[in-house]
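As structure tokens, the structure follows; a few thoughts come after it.
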Ligand code: GAR
């Protein structure tokens, strides 16, 4: 059995979707969810599925030791970021080389970097008049949104689309593809 640890900071719809996808798997288990915020939806979403979740402060994520201890306790093979809004520490990168992946709600290298997360990304896509957006699943390295790209999928952006409308299209792509990509990445670990 391969164990996945999900890091999430918000509502957690992707975390729930991934957890549901693997709930009947005999080879992959979402073992634990870690968050930097105790007041967010992800906890109830995954706890309802029997998956434990824990909260660490920004300082603990930066320093790394307590987070690493929790990951070791749950024998994490892969760290999956699903709407996680903190930078990943050097300690974590060192401990899990090539084993931390992220989903970004746009077509990197467009609309990435510091401050580009969640609705900010969809607002930027609409403001730029882009005709398409999508998702990028990539490995994490020391720079925001710059690790090697594993997978991208596109959706059309109409001139009449609001940022909310783009977000809905992008979420659909996230739900359809992220679990499958995680499965493929795990086969190589
Ligand atoms: C997702 O759209 C994810 O791609 C994005 O945050 C949202 C989280 O939604 N991540 C980033 O912007 C990271 N830079 P969720 O909490 O409902 O899964």
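Every residue gets a Cβ built from N, Cα and C, even glycine.
Whatever TrEMBL says is automated annotation, not expert-curated.
Annotated features, as they stand in TrEMBL:
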| type | residues | note |
| --- | --- | --- |
| ACT_SITE | 104 | active site, proton donor |
| BINDING | 58, 102 | (6R)-10-formyltetrahydrofolate binding site |
| DOMAIN | 2-182 | domain 'Formyl transferase N-terminal' |
| SITE | 145 | site 'Raises pKa of active site His' |
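Annotation note: the residue listed as 'active site, proton donor' sits in a strand segment as assigned by DSSP. Residue 104 (active site, proton donor) and residue 145 (site 'Raises pKa of active site His') have their C-alpha atoms 8 Å apart, to the nearest angstrom.
Straight-line distance linking the Cα atoms of residue 145 (site 'Raises pKa of active site His') and residue 58 ((6R)-10-formyltetrahydrofolate binding site), rounded to a whole number, equals 19 Å. The predicted model assigns the domain 'Formyl transferase N-terminal' (2-182) a mean pLDDT of 96. Summary: among the recorded positions (58, 102, 104, 145), the fewest other C-beta atoms within 10 A of the C-beta are counted at 58.
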